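What follows is a short report on a single structure.
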């Protein structure tokens, strides 16, 4: 915990923060483990999709929903879970999520059809939604020092991305020795270990750390409906036809639910997500860019799993090992992404990352039938782009939230990523099913089917190169030119602050303020002193004078 000259023992006890990553190793390790297991579950079964298809039956669209159902419920409920955590207590909600996640994972032993597995995966996504925003929020709150917060958040991002990429490798290795059901059963002991670490190392939230705003249940229901119907319409178009009643109804329902969500949030006294925060270019751009990166990552992961195992005929283990270039680059690219931000600023760094993403997808459109070396080179380029954009945007989004709404900030970040993940998976599965075959045959593929599959991949990745490039670059253009590793004051701050936008109904927190609240460097003493003055009821106007200098 932070201890400084002139700080009393009581102040140190109530701050409950740590002076270093080493001092916080118990809660940090537990939170990293919880975040890892929820992210690895996004892709853990992807390597087993051919095995699951042969065991339980099902075509490409059904297999796509084995992974897509998890991402769909996960992404749809993240904002709701973040809102619950900011009201009921972050540690409490996280522990409940870990318990449910572990118990549901054991239920796979009774699964006997793809429909049952999809339902189970949807339930796991709900439990994971109660974990993801809270793990990142608690990591952010473990430290007062801005540099420590940045290092801890960077660690969490590496852990999360590693879990997403390592899923196929771990799954492929396990499939060589055990049945695919064990890929989920193993979640139970991992969740238990993480829960024990959280219980021991993470203090419970104090009343003043939470918000008293009411939970926005209508907003939660509308957000889930909009996201779910939008993603379902993608697969329904292939299964039932794009002009079929069910597809058109899904599209119309998604539009209506989305518009109703916007209207409700704008008029609700306690919105789940106050949409005025998107007047800040930092918040708006970071969320948009995160969607683009997630589309790229999910599309490539899902597409290449099918490519390696079906077109190449590789074993699950070999297909998992084929992802090693992404894993290695993810770790090695950390200094590069930070140096880009420090030297050129957030906007330029993210534009470089967006160019890497678009270039990698365009390269895949050419390289899918030019051998593994060409594909591996595109993996490296894409991972550099992912690492750069995701790191900068995640830190900016969390830092843009008031102190009592950090969970909703991480939830917004994770929601953007999961929406992109769901869309990316759906797009690849839908386009391959439409361009190649609706049911992937078992056994060795004919030369004609492999050639048809390569053609489907080329078209898919070419389209995604344009779409992802536009989305990621469009989001990056609204970021500031800050050269720090945390979001600082930008050109949009003054304009946005005049709008008086509040996050989740928190008075006195403008949309412009979050975009520029990390301007100055401050000591742990100043941060602790401001929190004490706020708790004592210091006038809001006096706090605002110093807020740009002391909030991390």
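For all residues, glycine too, the Cβ spot is worked out from N, Cα and C.
All annotation found in TrEMBL is predicted automatically rather than curated by experts.
These come from TrEMBL:
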TRANSMEM  21-40  transmembrane segment
DOMAIN    27-483  domain 'Major facilitator superfamily (MFS) profile'
TRANSMEM  62-81  transmembrane segment
TRANSMEM  93-112  transmembrane segment
TRANSMEM  118-143  transmembrane segment
TRANSMEM  182-202  transmembrane segment
TRANSMEM  214-235  transmembrane segment
TRANSMEM  241-262  transmembrane segment
TRANSMEM  283-305  transmembrane segment
TRANSMEM  317-336  transmembrane segment
TRANSMEM  372-398  transmembrane segment
TRANSMEM  419-438  transmembrane segment
TRANSMEM  458-479  transmembrane segment
REGION    480-552  region 'Disordered'
COMPBIAS  488-497  compositional bias 'Acidic residues'
COMPBIAS  508-526  compositional bias 'Low complexity'
COMPBIAS  540-552  compositional bias 'Basic and acidic residues'
In the same chain, which residue numbers or ranges, 6 or more beyond the ends of the transmembrane segment (372-398), come under 8 angstroms Cβ to Cβ? 136-137, 140, 150, 153-154, 157, 161, 282-283, 285-287, 289-290, 292-293, 296-297, 300, 304, 307, 312, 322-323, 325-326, 329-330, 333-334, 336-338, 340-341, 346, 349-350, 352-357, 359-361, 363-364, 366, 406, 409-410, 412-413, 417, 472, 475-476, 479, 485-487
Long-range environment of the transmembrane segment (317-336) - Cβ separation under 8 angstroms, sequence gap at least 6: 47, 154, 158, 161-162, 165-166, 168-173, 175-176, 301, 304-305, 308-309, 372, 375-376, 379-380, 382-384, 386-388, 391
As a test: from 21-40, 118-143, 214-235, 283-305, pick the stretch that has the greatest number of Cβ pairs under 8 Å with the transmembrane segment (62-81). 118-143
Over the domain 'Major facilitator superfamily (MFS) profile' (27-483) the mean pLDDT stands at 82
With pairs closer than 6 in sequence left out, are the transmembrane segment (182-202) and the transmembrane segment (93-112) joined by 3 or more CB pairs under 8 Å? yes
Look at every Cβ pair spanning the transmembrane segment (182-202) and the transmembrane segment (458-479), keep those 6 or more apart in sequence, and say whether at least 3 of them are under 8 Å. no
Which residues, given as numbers and ranges, are at least 6 beyond the ends of the transmembrane segment (458-479) yet have a Cβ under 8 Å from it? 281-282, 284-293, 295-296, 299, 303, 346-347, 350-351, 353-355, 357-359, 361-362, 364-366, 368-369, 385, 389, 392-393, 396, 424, 427-428, 431-432, 435, 487, 490, 492
